[in-house]
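Enquirer: Please read through the structure below; I'll follow up with questions.
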Amino acid sequence: MEQERRKKNSAVVKKVKTRLGERFDEFKQLSSYYQRDVLPATEFVNKALETLGGDMQLLLELVELLPDPDKREAVIKCSASLAQPSKRDPAPRVSWPATSPSPDKGSWDKSPVLDLRESRSTSASPRINVVWFKPTDMRVHDHLPMARAHGYGDGGTHGEPLPVLHLFVFDPFWFKKLPLTGLAKTGPIRARFWMESVHDLRESLRRRGQELIIRRQPTEQAMRDISTQFRIANVYAYNEVCSEELSMEERVRGVVEAGGGALSVLQGFTLYHLEDLPFDPLRSFPQTYSAFRRAVEQGCRVRAVGEEWPKYRKTGHSIVSEKGRGSLQGTCEPLCPAPTGVEVGNIPTYQELGLEEPAPLDDRADHIWRGGETSALAYLNDYFWKRDLLRRYVGATNTMTEGKIAIGKEATTKLSPWLAHGNLSPRLLYQEIENYEKRRLKNKCTYWLKHELIWRDFIRFGAMAWGDNIFKIGGIGRQMANWRWSRDQAKFSRWTTGQTGFPFNDCFMRELVATGYTTHCGRECVAWFLVRDLGLDWRMGGEWFEHTLIDYEPAANWGNWAYRIAPTATKWGPREGDVTQSIEMLLWAHKHDPEARPEQIATTLCDGSQLRVYSLVLNAKPARHVKMWLPELEPLPAKVALEPWRMSVRELSPIFSVEWSCEQCTYINSSDRTECELCNDSRPLSYCGFNYGKDYPMPIVEPKITKDKSPS
């Protein structure tokens, strides 16, 4: 039977190829996007009909070539809804959005959409527009969906003024169990940040005469419930790039279009606009970040915030300012009224979300985050203009530059949680960098922050190009599918709890559990260790980060794991007797933990020659970050705290310089003995009250021991 189907498909392909010529290749590309969930069914049908010249019968023939029966069925249903319009309503027509160029320009994302404005219900229910806020755009500044709903954006007005309902949904999807680890997608720390962000968003809207409607149910059901009370004309939202979020978007689209409305998804999470890129991410995405960066810096512009920013009532309100000279000023254009008679809903409790309450905020954290646009803008103003820290910004990804410490308290901006949740627009941040460069200083530090916004775009657009491969064991190039991966739960548990015996890993993991945050340097170290030295399925690490991180965003998390981490593993996995492969955690420990590094000092001798010696910085707090999160290592000298296995190596260990007491017989032995002179018991690995192996675990894998002559 399968053989007959293949024979039939081959005949269809041959016939259609002859008929369509080059357009057949376009259809094949659209099919590929649809099968990878880049395009929802409705959009695929619209694009396919445009390519096929509106020939519905030909489309239905070609649909049989799709291997997934569910995908075929979805297309057939969408096609049927187009082919058989209601007798009461005129047939929906395929048209191009007013803001898009004409289709003959060939850009992949400028797709025809169903214009259902003529398919109106006969119900007397009032018509409304809806702004669908998501966990990645919880703000009111630089918010194009909100601007469009209120009739503004892109330098003009749009559509008829209708009451606007602003909606945020705590969808159970965000709290379901992850497949490999069983953890909730969203953990308590990020949930707290969400709740704070939603509360702040509601207050911001109320100050502007609006209201935020909150629901706790599947989003498509929330939209269906709203449609029983109102006729939804348009739903405006930001676009998605990952498959699960795209599926949710498609379900919402189905509900909205069934009621005669339209869902408009708009660009806004990234610094650069998709339409401005000098390449098509789905067809010719650069293979490396460097190539991407060069392409966008040379051939792309960052759109000004004011081009798509909604106009607010509050006159003269400075969003970010330096002594009153704000980069953005509010204006007097009014917003549309809010619909009446709607139950506003409450922010759910942790219990209602199926979560435990998070632990109290840890005062060891480099920063105590509070979710919301208000906190984000206040912190941005403080960081740029009050404390003037941008001039010495190191950068999250600047781990390789000599002399730069990437985990210092002020080394990074700490803006990532607000960017991930959309409390802060990347374009507004970019605009403030530009303002800072004009008013204060332009240097490598200011450029590096722009560079990291470009990296953020690379991963986001990369997720579009790589599709579901960023969630699959084989990775982006699918080359790792048959590699040897482990799911050893005992090793995974030691990794997540910071008990691997490698301090520069464990300090970051304990910080992550306590605060939901650790630096990019720390994330790379622990991730590389997971795949290289423990040989664990890299997706387990991805799920742990998804559950734990306060600044989680799906494309950023999974894109970084798939692009930066997974490919560094070996296909055979770690083998018996292997020593540590992740040497970054050894080298970077001495480089990046502030005041843990011996300082190299040049001393001039009498003959004029230079002698380089090592000396610890005076009044330093050695291994500050490691000892803060691993307080059991406090008694140890800096170098031993970073590499406690040095205690077992005579020439590297401080314990061999003192007499010692035998734990078995209490005899006091001389410093040069490794066994008790009386009972032959081994010398304990202890120093100043610290007992190695008891107070802190031995390494989970054999460490690579490097000998050097710098003092501890």
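Cβ atoms are placed via backbone N, Cα and C, with glycine included.
Because the structure is a prediction, the values reported are computed rather than measured.
Here TrEMBL flags 82-120 as region 'Disordered'. As annotated by TrEMBL, domain 'Photolyase/cryptochrome alpha/beta' applies to 128-271. TrEMBL lists Tyr393, Thr412, Thr413, Lys414, Leu415, Ser416 with the feature FAD binding site. The feature site 'Electron transfer via tryptophanyl radical' is assigned by TrEMBL to Trp485, Trp538, Trp561. The feature domain 'RanBP2-type' is assigned by TrEMBL to 659-685.
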Enquirer: Looking at the recorded sites listed here (Trp485, Trp538, Trp561), whose Cα lies nearest to that of Thr413 (FAD binding site)?
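Expert: Nearest in space to Thr413 (FAD binding site), counting only the recorded sites, is Trp561.
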Enquirer: So the record assigns Tyr393, Thr412, Thr413, Lys414, Leu415, Ser416 to FAD. If I measure every Cα pair among those residues, what is the longest distance in angstrom, as a whole number?
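Expert: Across Tyr393, Thr412, Thr413, Lys414, Leu415, Ser416, the widest Cα separation comes out at 14 Å.
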Enquirer: Please compute the mean pLDDT of the model over the domain 'Photolyase/cryptochrome alpha/beta' (128-271).
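Expert: Average per-residue pLDDT within the domain 'Photolyase/cryptochrome alpha/beta' (128-271): 93.
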Enquirer: For the C-alpha pair, I'd like the distance in angstrom between Ser416 (FAD binding site) and Trp561 (site 'Electron transfer via tryptophanyl radical'), rounded off.
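Expert: That separation, Cα to Cα, works out to 17 Å.
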Enquirer: What Cα-Cα separation, expressed in whole Å, is found between Trp538 (site 'Electron transfer via tryptophanyl radical') and Trp485 (site 'Electron transfer via tryptophanyl radical')?
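Expert: About 8 Å separates the two Cα atoms.
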Enquirer: To the nearest Å, how far is the Cα of Trp561 (site 'Electron transfer via tryptophanyl radical') from the Cα of Thr412 (FAD binding site)?
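Expert: That separation, Cα to Cα, works out to 21 Å.
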Enquirer: Could you round the CA separation between Trp485 (site 'Electron transfer via tryptophanyl radical') and Tyr393 (FAD binding site) to a whole angstrom and send it over?
Expert: 38
